[in-house]
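S.K.: So Swiss-Prot says this about it:
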- 1-34: region 'Disordered' (REGION)
- Lys18: SUMO2 cross-link (CROSSLNK)
- Lys84: SUMO2 cross-link (CROSSLNK)
- 87-148: region 'Disordered' (REGION)
- 119-130: compositional bias 'Basic residues' (COMPBIAS)
- 197-220: zinc finger (ZN_FING)
- Lys227: SUMO2 cross-link (CROSSLNK)
- 287-310: zinc finger (ZN_FING)
- Lys333: SUMO2 cross-link (CROSSLNK)
- 406-430: zinc finger (ZN_FING)
- 440-463: zinc finger (ZN_FING)
- 485-567: region 'Disordered' (REGION)
- 485-494: compositional bias 'Basic and acidic residues' (COMPBIAS)
- 495-508: compositional bias 'Basic residues' (COMPBIAS)
- 523-544: compositional bias 'Basic and acidic residues' (COMPBIAS)
- 556-567: compositional bias 'Basic residues' (COMPBIAS)
Amino acid sequence: MSSRLGAVPATPGPTPFKQQRSTRIVGAKNSRTQCSIKDNSFQYTIPHDDSLSGSSSASSCEPVSDFPASFRKSTYWMKMRRIKSAAASHVEGPGGVSTKGKRKPRQEEDEDYREFPQKKHKLYGRKQRPKAQPNPKAQTRRIRKEPPAYAAGSLEEQWYLEIVDKGSVSCPTCQAVGRKTIEGLKKHMENCKQEMFTCHHCGKQLRSLAGMKYHVMANHNSLPILKAGDEIDEPSERERLRTVLKRLGKLRCMRESCSSSFTSIMGYLYHVRKCGKGAAELEKMTLKCHHCGKPYRSKAGLAYHLRSEHGPISFFPESGQPECLKDMSLESKSGGRVQRRSAKIAVYHLQELASAELAKEWPKRKVLQDLVPDDRKLKYTRPGLPTFSQEVLHKWKSDIKKYHRIQCPNQGCEAVYSSVSGLKAHLGSCTLGTFVAGKYKCLLCQKEFVSESGVKYHINSVHAEDWFVVNPTTTKSFEKLMKIKQRQQEEEKRRQQHRSRRSLRRRQQPGIELPETEPSLRVGKDQRRNHEELLVATSRKEPEQEPVPTQFQKVRSPKTNHKRGKK
């Protein structure tokens with residue numbers, strides 16, 4: 001550059017004193033001096049004001065005493081001397097192109113980023129955002145599948161038309177299985193049998209294997225096929241019945257002539273033992289009470305009767321006790337202690353809680369009703385119900401499927417029911433029809449009831465002590481019975497004490513003579529106290545104890561206040 005502009009070239013080494021002095025003189029003559037300091041990595045321009053002296057402007061451009069001219073000044077030093085960093089934007093780069101600032105090469109930035117990860121974001125000014133991925137679903141178009149082409153007049157075409165029309169096609173071999181696709185139908189036809197499936201228990205024939213499995217589970221309780229000499233294990237049988245009960249909600253009797261169904265395993269097993277047997281066989285199965293001879297057809301009924309009526313004493317001798325009652329022996333403990341009344345009440349409440357837990361486990365199951373003995377059915381009479389033909393029943397069932405309700409067929413009656421059984425019960429008591437039904441009658445007290453639920457509630461509440469089953473309705477009657485027994489025992493104790501007192505008064509000894517003089521008040525109090533102590537002591541003794549003869553009794557004279565005189 002020319003000396004007229006006052007530009008001073010930056011030298012790598014220290015400048016001599018004369019050269020520095022000449023530059024100061026040239027810079028003082030110019031109104032505005034432009035000073036450029038070059039370095040290997042940075043370049044900037046310093047503007048000067050006219051008010052500043054030449055010495056001050058020159059001192060800002062020249063290097064410090066021993067440091068080279070290419071020394072890079074700090075930003076704090078530039079701010080203190082009113083040097084703007086934006087002035088560097090007017091300086092041309094090494095290639096002659098003006099740039100805002102010289103950036104570091106890529107290699108140095110990578111090294112800085114390794115040491116300081118946040119530095120890279122500061123250099124670029126903002127974080128790098130991930131590129132938005134295009135949605136593949138938006139680009140792809142939905143291609144509608146063309147209907148498969150089948151030969152004209154073929155079976156596949158007929159099946160396809162039937163699927164389009166009805167939604168499914170049935171198997172031409174068994175006519176019991178339907179499929180929604182032709183591939184599924186072909187796969188089924190490979191395994192489909194033309195022969196019918198036959199039930200091994202009742203001989204009924206069905207077309208599908210699934211129908212046969214349901215038939216065996218519903219009608220035969222999934223009874224396995226037994227060979228000659230094989231027996232059913234009791235735990236496995238209970239597990240099998242439990243699975244059937246969970247799936248269907250009830251257990252049906254397997255006899256063809258019996259249509260009974262049960263909602264508990266215990267009730268079902270109790271029914272199976274007696275179903276189909278004659279009166280003679282049932283008579284042999286009865287269990288009679290050893291004390292009163294009352295017959296019971298279940299162990300639980302006899303056990304409850306013995307606990308409530310005869311107490312926890314042994315009801316059979318050791319040698320004559322039958323095998324069926326050995327497992328429920330109610331003898332006293334090894335110590336010989338008889339069960340207390342409070343323990344009996346506790347056992348009763350425990351049984352009540354256990355029955356409540358069973359009812360919670362299966363809400364629809366009538367556990368207590370299944371345990372009722374057979375003679376309970378004879379405690380009340382049922383009136384005759386009207387009979388209906390199969391056509392009428394089929395019509396009612398179809399009406400329920402269509403309209404979900406049935407109306408009473410009698411003229412003038414607007415009763416509506418959602419089940420056939422409800423309509424049957426209503427027709428037995430409907431007064432607008434031609435059928436005249438009787439009433440339910442209790443055989444224990446000859447009381448009549450309109451509904452079956454009424455007579456059952458009456459038997460459970462009034463005649464509850466006759467049953468071994470503990471129902472929630474019998475709780476109050478049982479508590480009353482226990483209170484009455486407790487009062488009777490207390491009255492008997494009072495009567496015994498009264499009798500003992502009367503006997504003591506009669507047994508007063510005639511040899512005791514009272515003094516002629518009237519005793520003082522203190523003597524009378526002592527006599528009364530001694531007399532009361534004597535009564536209490538005798539009342540504590542057993543009333544059956546024999547009285548002591550008078551000749552062995554010691555005669556005690558009453559105490560007096562008179563002092564013995566000297567003879």
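Each residue, glycine too, has its Cβ placed from N, Cα and C.
Could you give the neighbours, burial and distances for every feature on this list?
M.R.: Each residue in the zinc finger (197-220) gets a DSSP state, and the totals come to 12 helix, 4 strand, 8 coil.
Broken down with DSSP, the zinc finger (287-310) shows 11 helix, 4 strand, 9 coil.
Within the model, the zinc finger (406-430) shows a mean pLDDT value of 83, rounded to a whole number.
Within the compositional bias 'Basic residues' (495-508), the DSSP-based counts of helix, strand and coil residues read 12 helix, 0 strand, 2 coil.
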S.K.: When DSSP states are grouped into helix, strand and coil, how many residues of the compositional bias 'Basic and acidic residues' (485-494) land in each?
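M.R.: DSSP composition of the compositional bias 'Basic and acidic residues' (485-494): 10 helix, 0 strand, 0 coil.
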S.K.: Residue counts in helix (H, G, I), strand (E, B) and coil for the zinc finger (440-463), per DSSP?
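M.R.: Residue counts for the zinc finger (440-463) by secondary structure: 11 helix, 5 strand, 8 coil.
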